[in-house]
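Just passing along the structure, written as structure tokens.
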Amino acid sequence: MKICIVSRIDLKEPVELAQSLGWMLRDQGHDVVYEQSVAAELGYAPVSLSKDFSADLIVVLGGDGSVLRTIRMLDHQVPVVGINQGQVGFLTDIERDKAEEILTSLSLPLPLDPRMRISIEFNGRSVGSALNEAVIVTSRPAKILKFAVFVNGRQIDEFRADGLIIGTPTGSTAYAMSAGGPIVDSTIEAMLLVPLAPYMLSSRPYLINSNSEVEIRLVSVKPALLVIDGQDQYEIGENATLLIRKSPDPALFVDVGRGFFDKVEQKLRLL
């Protein structure tokens, strides 16, 4: 297999692990390349995750942010597996002490766990896809925004809140959960609408069919920000419109045998 290794470089341990895993995988006959930031740290020829990039597998060493950042860098589908070098690591299925064992066991065709993403248009312009969520928040603290929410052209609600999360099942264990949204099995395809600190007690989260088109209109005159997967942000103003649909291109994760509820139990310590 051709395997690309991506790693956070702000900590010594992930970089050292990237080096040792690369040696191990090469000894097993794999073609190993390194994404440009970690390649620079290790003195290897860099590879850019651009439209010309190709690999059978991307191994990400880091936390959930590293995985989200890697997937947003790709403009086509490549299977990803994460090795947890962060904190919770809900998107990183492999713990450090199991990395060599699990990577050694992988072979083509890889067992895949596709995850639904949402595509986002802002004022008629595509701003990409989100694996976890798109969030509209006030650009100034303690200011309330007003949103009109439409599903398939029908207005279903109007929120006054600090913000609004439009999330995926994968994102249901991230920001949406901390805002009071439900935990949704990642094998279900749906969209979540979760208001942030709503003014009205009657404002509640929605779970919407993934085949629906969701339109969010910012009625408020106050400035706001659109943040996608915690990575990219855009300034939005009065009468801004967002269209959210199910993306035709899911994110592809390697299935290493850890079920969704096993991860919920371990990562969130519910039991």
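Placed from the backbone N, Cα and C atoms, the Cβ positions cover glycine too.
Pasting the feature list from Swiss-Prot:
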BINDING   64-65, ARG69, 132-133, LYS143, ARG160, ASP162, 173-178, ALA197, GLN231  NAD(+) binding site
ACT_SITE  ASP64  active site, proton acceptor
Under 8 Å Cβ-Cβ from ARG69 (NAD(+) binding site), six or more apart in the same chain: what's there?
GLN231
Just jot down the residues in the same chain as TYR175 (NAD(+) binding site), at least 6 apart in sequence, with C-beta under 8 A of its C-beta; none if empty.
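TYR175 (NAD(+) binding site) has long-range Cβ partners ASN132, GLU133, VAL135, ILE165, GLY167, GLY230.
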Let me check the 10 A CB neighbour count of THR173 (NAD(+) binding site). How many other CB atoms are there?
24
Drop a 10 Å sphere on every Cβ of the binding-site residues MET177, ALA197 and tell me which sphere holds the fewest other Cβ atoms.
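Counting other Cβ atoms within 10 Å of each of the binding-site residues MET177, ALA197 gives the minimum at ALA197.
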Excluding near sequence neighbours, so keeping only residues 6 or more apart in the same chain, what lies with its CB under 8 A of ARG160 (NAD(+) binding site)?
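When sequence neighbours closer than 6 are ignored, ARG160 (NAD(+) binding site) has ILE144, LEU145, LYS146, PRO198, TYR199, MET200, SER203 within Cβ distance under 8 Å.
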